[in-house]
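Feature annotations, courtesy of TrEMBL:
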ACT_SITE  Ser170  active site
BINDING   Lys276  substrate binding site
DOMAIN    82-305  domain 'Peptidase S11 D-alanyl-D-alanine carboxypeptidase A N-terminal'
TRANSMEM  12-35  transmembrane segment
Amino acid sequence: MTIGPTSPSPRILLSTLITYSFVIFSVGLALYLLFLTKPAERGIKVKSFRQPDAVDLYAASKLGDYFTDDGWNVGEVKGISTQPDINGAAGMIVELNDGSILFQKDLDSRRPLASLIKIVTAVVALEHMQPDQEIIVSEYAATVGENSMGISEGEVYTLEELLYGLVLHSGNDAAYAIAEGVAGDVKTFVEWMNIKGKELGLKNSYFTDPSGLNDASYTSPRDLVYLTRYALKNPKFKQVAATLEKELPATSKHKYLSLYNQTNLLSSYPGVAGVKTGYTEEAGLCLVTYAKNNGVEVVGVVLGSNDRKGDMILMLDYAYSVEGVTIEHHLLDPVN
């Protein structure tokens, strides 16, 4: 007699179903609890996909510093009893060899710096782009107001050409073209400017735009001395700052431009070799000057003045008299 397979009883089927359900539930619960833990706690190395911020981009694109920290600091006051009475709200002049302060007035006071901010713009640009690299002028950069070097939308200039427009002609259009070309956008570039300020130890400075039109930016005479000394270590910046006139010949990429240095004393006071003027209604007349006579190098700063040229002449005369250097000029002679 043939005996066929028998069907399992309902009780056995129910027991089997309960067992399978429990196993599936246990495995699911274990997997759920596993993924609640952090990857590092599970022994898994996970690569971060955080979007790079301004600090990351600054470090990644930096070509290098002009020079490493050499321990130079502004030193003690060195002078004689009769000091010049300048018109400016704040000022300072320092001998660059030993850092001695030859004259100071509110050297750590925070004040708007107008176009002197373009020194920072040049420093950051030269540390992140080669001078011969090209920048396309945007509509935004071409239409920035106030001082302009005269660039137009769609034109292509090298960084070096734009630096001449930035420093000689104090071009706000050049400042914004440089910012966009170097960092990709103005906001990132301004963040880089402030990162550089921190690297240089500028304790009383904050920058809000690359041109100086925004009076929310501020600095101090002491910070400007540190910044200018650093900038002058770069041969390209020093060359641009010492240039009185510059012609940019017409090419297939841009028009002809003639630029003239607005640094008032470059062609008049002996030994002066740059660097930058600045003015807004809020900041007043501002000036940073570098000079070298008989081997004595000085950097002078005037902020918030009504007569920056006269103030700087007084400061330079005084500084060189302290250093035992006689400077001959007739810039302060009365006009007949």
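A Cβ is built for glycine as well, from the same backbone N, Cα and C atoms used for every other residue.
It is 8 Å from the Cα atom of Lys276 (substrate binding site) to that of the residue listed as 'active site'. Listed in sequence order, Ser115, Lys118, Asn147, Gln262, Lys276, Thr277, Gly278 are the same-chain residues six or more apart from Ser170 (active site) with CB atoms under 8 A from its CB. The Cβ of Lys276 (substrate binding site) has 29 neighbouring Cβ atoms from other residues within 10 Å, across all protein chains displayed. Here the domain 'Peptidase S11 D-alanyl-D-alanine carboxypeptidase A N-terminal' (82-305) has a mean pLDDT of 96 out of 100.
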